[in-house]
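So the structure is just underneath, and the comments pick up after that.
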């Protein structure tokens with residue numbers, strides 16, 4: 001039996017129009033039990049200022065970003081289901097969905113799936129890793145009823 005514990009923190013000045021806690025729970029449950037039966041994740045929804053600050057502090061990038069992943073690494077002698085934190089910037093997600101002509105809810109789901117895979121150790125630094133990660137993301141997104149997140153809705157079939 002799998003269990004996913006979500007700690008949802010809303011730090012946006014305006015919380016209108018955000019996905020529901022149930023949406024975030026469903027998206028996590030589509031990913032995490034595939035890799036770990038019991039897991040706990042914090043998702044913090046932030047505005048651009050906080051995203052920019054964290055991105056500059058931890059990645060040296062002087063801009064806000066869609067999702068930041070902070071994996072938790074327990075000492076080897078301690079077993080905890082805590083995977084880590086996802087920081088998702090509302091304005092960047094909304095802007096990207098418009099620019100890429102994607103459904104907003106689908107883009108939110110993709111950010112959660114993508115960030116969760118980072119917490120589980122997946123990365124896209126080299127082409128092989130990127131391809132493996134993208135294939136997993138596409139499969140999970142399809143399972144959730146969403147289209148391939150790497151093909152924008154404006155792209156021809």
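Placed from the backbone N, Cα and C atoms, the Cβ positions cover glycine too.
For residue 118 (Zn(2+) binding site), the same-chain residues that are 6 or more apart in sequence and have a Cβ closer than 8 Å to its Cβ are 69, 71. Per Swiss-Prot, the feature Zn(2+) binding site maps to 114, 118, 124.
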Binding-site residues listed as 114, 124, least Cβ neighbours within 10 Å: 124
Cβ within 8 Å of the mean position of the Cβ atoms of 114, 118, 124: remaining residues of the chain near Zn(2+): 67, 69, 115, 117, 122, 123, 133, 137
Three-state secondary structure, residue 114 (Zn(2+) binding site) (per DSSP): helix
